[in-house]
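A.B. asks: Pasting a structure below so you can have a look.
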Amino acid sequence: MADRAMTERAVTGHALPPIVLWGLSAGVAALLFTWRVGMQWPTAPGDGVDLDRIILFYSTLPRAAVAVLAGAVLGLSGLLLQRVLRNPLAEPSTLGISAGAQLAMTAASVYAPFLMERSQGPVAFAGGIAAVLLVLSLTWRRGLEPVSVVLAGMMVALTASSISAALILANGDYLFSLFIWGGGSLVQQDWGPAIALAVRLAVGAVAALLLLRPLTILGLDDASARSLGIARHSSRFLVIALAVWMATGVVAEVGVIGFVGLAAPALATLSGARTLRQRLLAAPLIGAILLWLTDGLAQLAAGTGGERIPTGAGTALLGGPVLLWLLPRLRMLEWPNLGTNSPSPRKAARPRLIILLLFLAVLFAAGVALLLGRGPTGWSVAGGDMLLDLAAWRAPRIGVAAAAGAMLAVAGVVIQRITGNPLASPEVLGVGTGAGAGLTAVLTLSAAAAPVWQFAGSVLGSLAVLIAMLAIGARAKFGAERLLLAGVAMSALCSAVTTAAIAMGNAQSYVLLRWLSGSTSQATGVDAWLMIACLVLLTLPLFLAARWLDILPLGENTARGLGLPVAKGRLTLIVLAAILTALAAMFVGPLSFVGLIAPHLARLVGFARARAHLASAVLIGALLMIVSDWLSRMAAFPYELPVGLFASLLGGPYLVHLLAKGVPRHG
Amino acid sequence: MIFLPRAMVHLPNRRQALALGLAAALPPIVARAAPLRVAAIDWGMLETLLALGIEPVAATELIQFRKIAVEPIVPRSVTDLGLRGTPNYELLRTVAPDLIVISNFYEYQRPMLERIAPVLAQAVYAPGVPPYPLAEAAALALGERLARLAEAKRYVDETSVEITRLRAALTAASGRPVFVISLGDSRHFRAFGRDSMFGDVLQRLGMKNAWIDETDYSAAAPVGLEALARVPDASILVVSPLPADVGRSLPANALWNALPAVREGRVAVLEPINHFGGLPSARRFARLATVALAGQAHG
């Protein structure tokens, strides 16, 4: 209770009352809009054609309308999802709804164009609802516990967007499509989308009002809901379907616009909306203001040669920092802490034997990847001279993949132990995408930056993100959910930087695209040896400092009490993790999720002590990445697919399956 | 493993012979005067090779090439190497070409490619530079390297003669500026500026490019269709393929329908043409654009 009073004071004691703040934001958005209208106001009648009027009426005005409507739709959709799932992290992006809709639309344009021609909306809805059903069914047995749901959602989202990217890559004029998909664009040329979104908003608002009572009760825990006689599941699904219908409408009309669905309800709560009724009003309003303002700024930044920052990326650029700043002020007491009821982890009965088995599995996988492959005549097992010849190509890739997987695993172990959060990882906390932002910065300074500088930029980017995350986490004494939320925001922010740079469509874009999708294709023997050397050099000290890793999760005071140089130790570990992440991302991209999966699997196998945990995670990471790399080369031979896709396809479902089974986790 | 005896004679290199044995799809090697076996990573180089009568042994993304670039026809015997960005080096190694041609765009692959065969790189597209002269130079360089210089010279001349001839046919239609665009979806287009092949050829046809703004790598990033209203009297050439949703939503697009070019029937959809092509693409574009624009002038 004391905690609650404190946070409330923090909010209300703020210099500006929220309503003034939002009024001001809306004012700025309106000002930007008026300025734009003024610029396009038809000057002299009879001055050529009345094109100015047409642009004003069919482009400028509907664009503002779409910004307001899409923002409101996303805000409402996010609020409904957060309410029925009792999950402050739920929203169209984190639940995989947007990515699912996007995948469905991409697949439809490739395989069934007639569907896209006639019924874009239903296609998007089908994709979104499939994604959310998958997420819910995966986490059903864990009672839809918030963090599991979001974790599964992010896995589904990641996999869906990887498959979309692979489809685009393998099937089309890919760069152009990727530019457009990369960030939602609000460019309009008639009132169709605005009307479609207005309908969705109106239907959504009316339905939400009609569902006010069930919604109020669904926000309570299951037991109370049951005793109040609500058909919990059917009304839950009804609300979810409604939210998905609204959110996928936005995807179908303007593309993926992240973040508004997450931020608007959170900001509504922070702005003092207490009751559900107030929030139902405030969340769409704030969403509308956010998107309208962002779009105004995006148009301000646009030149005549096209938009420099897609609005969809702009929302993250603007909203990310806002959410990060507000997080410590966000109250999340309504949700049970996931760490409290997990019993101590299972211990592996014979750790040495398991580690030996894992090591043999890595060797076996490497052997298979070296020997078995596809050629012009089909599958073949290499031998003799042919093996010597092919090994020169295959061995470096295997080596680099193994080292990258192991590095991500080590980074994951370190990050999970520093934060004491089993769900933290380089991918979840945005450290990988931070490397991308750093790389973008270097490439912006010089398009032909040497690889060393590119690498230095990546390291600095991931380091900056990691330090920022830990600083935010430490200041606010974050729980698992909050750190995850900060990670989502940071990740969105960093990928927005990269997306904006890719959307410029210049020489740097291609470098960044290649980096994003990840490929061991350019790996040479030297690269492989360098990566392995770096792995050994950076990981050995960790084995020696295993005591730190054992003690740090116990908390700062305990650690200090045990005589640990906490500040120095943490910093060293952070720098190590950042370098490892940036190194790995150079070859496998930022989004493989191996850094999350490998340490987790190692823990689930039963390795709790740091040294064994590290060793087994290294082996699992290497194993995952070797297999993914091999699959990425074999699946569509001779076409090579992004390696990160296969890593998340391999490890993700298994991890989610384990989560669903309710295997104990432990911070 | 069966070795082709002739291949053994012709290519004493053990590894290459071995690789040849692997590649069952290869045509038998004809004895001594055999031409160089070439692989193309870049599509512009691929079409130029074919135009010079050289059949490459391998090239990239052929499924897509046949759909988007269309001509010249790629024989079925050419091995598909996979994506341009990440070609399958193992497969290329198995095919064992004598020469690999790339463009400046694929320089980053050079270290890997040079392990397989010597690399010939020709730059055609550079920011701010009209590409047609570079494409001519590339064709001549390929001809010289592959002992087809006469053919290359002839092809360069023929192309320039054809463009001049088409220019004459267009005199009636000139005067109006022309947008050359491709559609990303029903709301966005990509404009081809003066450093694109389409922009350069347009100028050679005596037409004015309506897109005078900056471009990055020959085309501006997605722009909203309203930008087309900036030049009201322009004609519009849309290069296929059209995205799936365009057929449904473009006819309903109010702004599109209000554009003078659309109202007055000055929009034409061209068949697909390689955006980053060489001389064959230039020629194909010149031909298709002339038919479209001349048709507008008369109709």
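Cβ from N, Cα, C; glycine included.
TrEMBL entries are annotated by machine, without manual review.
The following feature annotations were taken from TrEMBL:
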- A:12-35: transmembrane segment (TRANSMEM)
- A:55-81: transmembrane segment (TRANSMEM)
- A:93-116: transmembrane segment (TRANSMEM)
- A:122-140: transmembrane segment (TRANSMEM)
- A:147-171: transmembrane segment (TRANSMEM)
- A:233-250: transmembrane segment (TRANSMEM)
- A:353-375: transmembrane segment (TRANSMEM)
- A:395-416: transmembrane segment (TRANSMEM)
- A:428-449: transmembrane segment (TRANSMEM)
- A:528-550: transmembrane segment (TRANSMEM)
- A:571-598: transmembrane segment (TRANSMEM)
- A:643-660: transmembrane segment (TRANSMEM)
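Mind mapping these onto the model and telling me what they sit next to?
C.D. replies: Taking Cβ pairs closer than 8 Å, the transmembrane segment (A:55-81) reaches residues 33, 36-37, 40-42, 87, 90-92, 95, 186-191, 193-194, 197-198, 200-201, 204-205, 208, 215, 239-240, 242-244, 246-247, 249-250, 253-254, 257, 260-262, 264-265, 268, 279-280, 283-292, 294-296, 311 in its own chain, all 6 or more past its ends.
If one looks beyond the transmembrane segment (A:93-116) by at least 6 residues along the same chain, the residues whose Cβ comes under 8 Å of a Cβ in the stretch are 81, 123-132, 134-135, 149-150, 153-158, 160-161, 163-164, 167-168, 171-172, 181, 244, 247-248, 251-252, 255-259, 261-262, 488, 492.
Sequence-distant neighbours of the transmembrane segment (A:395-416) (same chain, 6+ residues past either end, Cβ-Cβ under 8 Å): 362, 366, 369-370, 422-426, 429, 431, 466, 520-521, 523-525, 527-529, 531-532, 534-535, 538-539, 542, 549, 573-574, 576-578, 580-581, 583-584, 587-588, 592, 594-600, 602, 610, 613-614, 617-626, 628-630, 633, 643, 647.
Only residues 6 or more beyond the boundaries of the transmembrane segment (A:571-598), in the same chain, are considered here, and those with a CB under 8 A from a CB of the stretch are 155, 158, 162, 400-401, 403-405, 407-412, 414-415, 418, 423, 425-428, 431-433, 435-436, 438, 455, 458-459, 461-463, 466-467, 470, 515-520, 523, 527, 531, 534-535, 538, 541-542, 545, 548-549, 552, 617-618, 620-621, 624-625, 628-629, 642-644, 647-648, 651-652, 654-655.
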A.B. asks: For the transmembrane segment (A:353-375), find every same-chain residue at least 6 residues outside the stretch whose CB is under 8 Å from a CB in it, and list them.
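C.D. replies: Residues packing against the transmembrane segment (A:353-375) from afar: 381-383, 387, 390-391, 394-395, 398, 402, 605-607, 612, 615-616, 619-620, 622-623, 626-627, 629-630, 633-634, 637-638.
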